[in-house]
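Q: Structure below; questions to follow.
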Amino acid sequence: MVAFGKKLKESQIQEWQGYYINYKLLKKKVNRYAQQLEIGAQDHHYVLKDFSRMLDSQIEKIVLFLLEQQGQLANRLCDLRQQHDVILQLSNGGSKICELQEAYRGVGHDLLRLLFFVEMNAIGLRKILKKFDKRFGYRFTNYYVKTRANHPYSQLRQVFRHVGIGAVVGAISRNLADLQDHQGNYVSIYDQPALSHPDPIVHSIKAAVNKLSNSTNFLEFLGKHAFIMQDDLRSPSEDDVVEQRYHFMSLLLNLVNTFLYMVNTYIIVPTADDYSLSLGAAATVCGVVIGSMAVAQVFSSVYFSAWSNRSYLRPLVFSSIVLLIGNTLYALAYDLNSIVVLLVGRLFCGLGSARAVNRRYISDCVPHKLRMRASAGFVSASALGMACGPALACLFQTDFKIYKLTFNQETLPGWIMAISWLIYLLWLSISFREPPQEIKQDIIPQEVRAGTVVNYAVENGITQPLLLNTEPKQGENVDQEYDDGEEESCEKTRKPVTSILSAYRLLTPSVKVQLLVYFMLKYAMEILLAEASVITAYYFIWSTNSVAIFLACLGLTVLPVNIIVGTYISNMFEERQVLLASEIMVLIGILLSFHIGIPYSVPQYVGSALITFVSAEVLEGVNLSLLSRVMSSRLSRGTYNGGLLSTEAGTLARVIADGTITLSGYFGVAKLLNATLVPSLFICISSIIATCFTYNSLY
């Protein structure tokens, strides 16, 4: 599509000049608003009303022109259809068929030019809305899009959803398919689609239409759940580089690594308390056993993120070896009768956490058109591993010895995972393809040097001559100074950060609140999951099988809940509304979990746990979806990226939660439940208060 944009003739530009969004005029208007507000000449209400009116006028002009051009294309297609019907009656119409094919391709080329026109205007609209938000410090974009996008007479939808173009695309595709390779033997694409070989122009049109599509759906919601931040400044040449680096089997191996690591994390949860008792420690030491993995992950996330700047294969191999050693030590601790070996084994497992590499591979090596699916696959693999871990634990109800090695429900999770990582290591060594190093080194310089051709066209290229002499010279010096400042800071704002402190300085108050919310939900979930075996054994005398089934059922709610939220709830309510409602539901779940006065019952525990866990899952998806939009673009790449920050926040929450369980154990198992819920309650209330204070800035 960019190639066609480059081929736009000057005569066509002049012909359409009055119909492009007047980006330069709008930018000057934003600067003038800022000056007027600064001296008190206008108020915010007037600015919002006047700017909305200007945008409505600009969009109406674009839409009416778009409809006019679609009508012209439709008339041409009607004429071609008549010629098509005449040719069908001719016994020897080979040359006519070729001419007709070229005529259809000509319509396709004109449609591509029209799509390029729509794309430039859509990007110009997004950029001016973003500039308005940046200058005035509040989210005009959310108000404007929400009020215009869902209105029955919305013209904004015509720009972003290009209603009507689909009919033109369908007519071109069908008629070219009828004519192509079937001269004298016409085959319908509806009856035998396998016989249809789409014309290259049809491929280009479909790619352009897909690029313009920007609808909210479950796949996008689930993909954002992975918090793989998108880089909006990738150039066409970089897209070609990513295409060269993509390898399906390598992506699959990354997703398998994600799945196995989540299984490794949760497979010991149902038996950790029994294992601790077998080694002479208290049952509540299970908090340390489970949390030691998270402690190591705090550090491993950083060095794996840095390592992924240079290689993907080597960190994955190292991760598999360390996890193989860690699980072996975990299993051997029983026969060695050593709680120290047990903890060292879990520390090794945490040191092998390669989730930063998995995220980075999707971000850097998966083409943009597949990245959302790959991100959704990452989330699905994590959710499946979370459910499979406890489910597998309930299958290990056996006890036997081979030589001096014991195999029972406590050691089998370690042995099974060690074997799994060994098989994975062999598969990895055979099938993984390392992206070319020389290509990989070119990515960041290209990101710094250039954005897309379309972005360039909006501000500096094709549309700029159309905007000359549309505004008086008054205030032009101020505008020029502002633009120069933007250009000087452009390269700086695109460079990745080089330290954790630099990354922290980029966090706005609303982003910090989002990270606090993420910390809270991970803390609440870890308290619920890690102490489940101890609590249920004390209050309900549940067996390991019962605990494993309960945890597996909780894990299985992840995908259905995200389907409901991504498909329905996120389209009915603002994400900040869902965020606050989910926090309140987590608070209700925590309150219902307390044991006060009346005997503690299974319905109370299961019901409160389900409310807490499901609400936390909804909260996680919405929270990370918001974070992916509001976090600085500088945190989309480099070692200290947004994914690392969110991972560190969640991992730190797990560490503190597991430590809380162990410390609370000193008060006795009878007081463990309430003692661990009090910090959860305090953190949850704090996050709700913080969310309320920053509510207006959360979009």
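Each residue, glycine too, has its Cβ placed from N, Cα and C.
TrEMBL does not curate its annotations; it predicts them automatically.
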Q: For the feature transmembrane segment as recorded in TrEMBL, pick the matching range from 111-129, 339-357.
A: 339-357
Q: Where, among 378-400, 515-541, 604-627, do we find the most CB pairs under 8 A to the transmembrane segment (281-304)?
A: 515-541
Q: Between the transmembrane segment (412-430) and the transmembrane segment (547-569), are there three or more CB pairs that fall under 8 A, provided the residues in each pair are separated by 6 or more in sequence?
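A: Touching, no - the transmembrane segment (547-569) and the transmembrane segment (412-430) miss the threshold of 3 or more Cβ pairs under 8 Å.
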Q: Sort out for me which stretch, of 251-269, 339-357, 515-541, 578-598, 672-696, has the most Cβ pairs below 8 angstroms to the transmembrane segment (412-430).
A: 251-269
Q: If you average pLDDT over the domain 'SPX' (2-146), what do you get?
A: 74
Q: So if I exclude everything within five residues of the ends of the transmembrane segment (378-400), which remaining residues of that chain have a CB under 8 angstroms from its CBs? That is, six or more out.
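A: 222-223, 225-226, 228, 255-256, 258-271, 358-359, 362, 406-409, 412-413, 416, 544-545, 547-552, 554-556, 558-559, 562.
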Q: Any residues 6+ beyond the ends of the transmembrane segment (672-696) with a Cβ under 8 Å from its own?
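A: Contacts with the transmembrane segment (672-696): 138-139, 284, 509-510, 513, 516-517, 519-520, 523-524, 527, 531, 534-535, 538-539, 576, 579-580, 583-584, 586-587, 590-591, 593-596, 600, 657, 660-661, 664-665.
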Q: Using a Cβ cut-off of under 8 Å, list the residues of the same chain at least 6 residues beyond the transmembrane segment (339-357) that approach it.
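A: Long-range Cβ neighbours of the transmembrane segment (339-357): 254, 257-258, 261, 264-265, 268, 275-276, 279-281, 285, 288-290, 292-297, 299-301, 304-305, 307-308, 312, 315-316, 318-323, 325-333, 414, 643-644, 647.
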